[in-house]
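Quick look at what Swiss-Prot annotates:
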- CYS307, CYS310, CYS353, GLU360: [4Fe-4S] cluster binding site (BINDING)
Amino acid sequence: MSSETVSYFSHPFPRRQSVGVSVGGVIVGGSAPVVVQSMTNTDTADVDSTVAQVVALHRAGSEIVRITVDRDESAAAVPKIRERLERLGHDVPLVGDFHYIGHKLLADHPACAEALAKYRINPGNVGFKDKKDKQFADIVEMAIRYDKPVRIGVNWGSLDQELLTTLMDRNQAEGAPLSAQDVMREAIVQSALISANLAEEIGLGRDKIILSAKVSQVQDLIAVYTMLAQRSNHALHLGLTEAGMGTKGIVASSAAMGILLQQGIGDTIRISLTPEPGGDRTREVQVAQELLQTMGFRQFVPIVAACPGCGRTTSTVFQELAQTIQEDIRRNMPLWREKYPGVEALSVAVMGCIVNGPGESKHADIGISLPGTGETPSAPVFVDGKKVATLRGPGIAEDFQKMVADYIENRFGLGRKIAS
């Protein structure tokens with residue numbers, strides 16, 4: 001195995017060097033960890049609903065939240081949303097998502113321009129023909145005036161058609177023309193880079209610019225961001241647009257972003273999931289955290305390992321216990337982060353039979369091996385690799401939950417610090 005291969009799989013992974021950008025105090029790029037962000041789907045003019053969803057997203061772990069600013073009523077609501085969030089103790093940076101009339105909204109609502117931590121600009125619809133550069137410049141000048149960063153967010157569904165047509169015509173004149181897909185990828189990259197260069201010419205510093213180039217296909221996303229990473233040192237926002245619902249959206253986003261992150265590309269991510277009707281918007285935050293944690297980039301919540309089950313595990317007790325422990329951890333993490341510093345590194349194992357159960361449980365900080373089919377109805381518990389107890393009877397689940405809570409208190413709690 002070559003030294004280059006060893007380096008590629010080492011930890012930490014080699015990270016592309018980008019220019020760091022402060023978004024309301026959250027650093028994106030540079031040497032900062034990859035940041036998790038999300039977006040509301042409420043009507044921003046509805047202050048109560050928007051505040052409630054931002055709070056839920058922030059509690060779930062979103063470090064930046066984007067909101068739609070599409071009309072006067074939405075822009076007027078932004079300062080109220082910001083004020084309400086601060087009163088509730090949620091000082092999460094808000095990003096204004098602007099399309100078509102962002103230049104006008106920012107000019108007409110200075111309190112909105114001030115309250116937002118970042119402006120998102122789409123070069124494909126900021127203006128058309130002779131108005132495009134002027135309206136783009138207006139937003140950039142607002143960012144300079146209020147000392148705000150911008151994300152220049154190209155999207156293949158609203159790609160600058162003039163640029164695409166120019167590149168298509170130029171490609172046809174070549175002796176060996178590229179495919180239409182390759183030309184589209186190049187147009188997306190050029191749209192982002194041309195816009196970034198224009199913003200810098202107007203006077204916006206590179207430490208105020210984040211780029212994104214979103215498409216809906218995995219291979220396109222990998223190609224486009226690889227090209228951007230090679231041709232720029234701007235901070236990059238990763239995201240697969242129109243990823244879809246449920247498992248499909250999770251798999252597509254994880255496949256694309258996992259490859260890019262492994263290559264050191266990406267400074268902030270958003271998993272754009274289509275929620276089920278009545279579904280939980282915070283799911284996208286959880287998936288983003290799990291992607292980064294699974295790849296070893298960050299730690300957000302304790303890991304609960306559980307076996308998949310087989311013919312030896314006809315009982316559902318281990319599945320129910322694993323789910324209960326995971327839900328309990330998620331529910332308590334906002335408090336635990338404050339009360340138990342370092343608890344994110346905890347690992348818990350809930351196993352279903354004797355084959356791998358004891359071994360897996362020993363590798364976790366605290367683990368339990370529940371009895372499988374035909375096995376003695378007892379469950380050994382391991383703490384820091386050593387067997388410390390054997391649980392029996394109908395209260396195994398409740399007893400183990402208490403042991404987990406006691407372990408967290410003893411290892412991460414204030415009493416441990418005083419004793420040390």
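Placed from the backbone N, Cα and C atoms, the Cβ positions cover glycine too.
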What does DSSP say about GLU360 ([4Fe-4S] cluster binding site): helix, strand or coil?
helix
Using a 10 Å radius around each Cβ and all protein chains in view, which of these binding-site residues has the most neighbours: CYS310, CYS353?
CYS353
Taking 10 A as the limit, how many CB atoms besides its own sit near the CB of CYS307 ([4Fe-4S] cluster binding site)?
22
Measure from the Cβ of GLU360 ([4Fe-4S] cluster binding site) and count the other Cβ atoms within 10 Å, all protein chains considered.
19
